[in-house]
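*Asks:* Starting off with a structure, shown below.
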Amino acid sequence: MNSLVALVLLGQIIGSTLSFQLGPNMDCNTKGTKDWADIGVRYINEHKLDGYKNALNIIKIFRLLPSDGRSVIVHFKLNLLETKCHVLDPTPVENCAVRQQHNHAVEMDCNVRIIHDIATFEDEVFVKCKSTPDSVENVRRNCPKCPILLPPNDPHVVDSVEYVLNKHNEKLSGHVYEVLEISRGQHKYEPEAFYVEFAIVEVNCTAQEARDGHHQCHPYTAGEDHIAFCRATVFRSHASLEKPKDENFESDCVILDVKEGHAHSHLIQQHIEKYSTSPGHNSTDEYVVECPVAFVEKEVPTDMSDHDTPPVKGCPGRVLHFQL
């Protein structure tokens, strides 16, 4: 569970109208510094390919870099915490609950550079992040019986998701859903069970066509209540090697108001091949977020590290939630 995932983001936010103050009294706790950090957090959440939105936790470092006089360049390091809102959830991140430590929290450390054009108020944003869950040892030290995070591709997690989805489809008339992404899986104790969170999408198949395996089902586009996010608990033994057949379970699926053309519509396109498992806690590979076509030719700065420019005073800033 100490595996890391690197997330590299590149792009641009147009039309920033915030009035930024870069005075001698700035530190990592001032409103002006947080305004800059909020731009970075918003950009990360809008371009994150899978998993969950992240909330600001700590501004670790904030630097004002030398510029040509036509722009303001800032570089800062952020610590973020995973929320309970999936990236497809339209809820503003400010209204999303941060996943607490007893629920096996996940943090993300990010290097952010923003180039603010003084004349046009346009912001060019470069972000590189690394995500890692809290260690199993820490979770068990503080809460011995709390559920432990599992890889989304763990067989018990996958079987539980498919079992719940089949039960969900059996209750529907004229609608068939398939898994869009497995986002989270946890092993629970007393009673033993598997807790899963996953996104589903409606497809243009009948129930029989979806079962026979010979018909290629295509997901509907976003909008019109075609995408939902589910949370479920399947009560079964970890020692069980068979797929669940008649297990007790609890589930809740909520329709997401995802508009067509949403930034995360790529998930639907990926589904045409096969549903994905979020790599957020299990992969050690870097992956590059697909950028809007208008910005695809821009290059990620090779130097996203610390600079000779000293950071502002009062850093790191205060912890907004908790520190892992």
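Placed from the backbone N, Cα and C atoms, the Cβ positions cover glycine too.
Quantities reported herein were computed from a predicted structural model and do not represent experimental measurements.
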*Asks:* Consult Swiss-Prot and report which candidate among Cys217, Cys230 shares a disulfide bond with Cys253.
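*Replies:* According to the record, the bonded cysteine is Cys230.
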*Asks:* For Cys85 (disulfide bond), which of the disulfide-bonded residues Cys28, Cys143, Cys217, Cys253, Cys315 has the nearest Cα in space?
*Replies:* Cys253
*Asks:* Disulfide-bonded residues Cys28, Cys96, Cys146: which have a Cα within 10 Å of Cys217 (disulfide bond)?
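*Replies:* Near Cys217 (disulfide bond) by Cα: none of them.
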*Asks:* What count of other C-beta atoms do you get within 10 angstroms of the C-beta of Cys146 (disulfide bond), across all chains shown?
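*Replies:* Other Cβ atoms found within 10 Å: 16.
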*Asks:* Can you tell me how far the Cα of Cys129 (disulfide bond) sits from the Cα of Cys96 (disulfide bond), in Å?
*Replies:* 20
*Asks:* Identify which of the disulfide-bonded residues Cys85, Cys143, Cys205, Cys230, Cys315 has its Cβ surrounded by the largest number of other Cβ atoms within 10 Å, counting every protein chain shown.
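*Replies:* Result for the most crowded candidate: Cys85.
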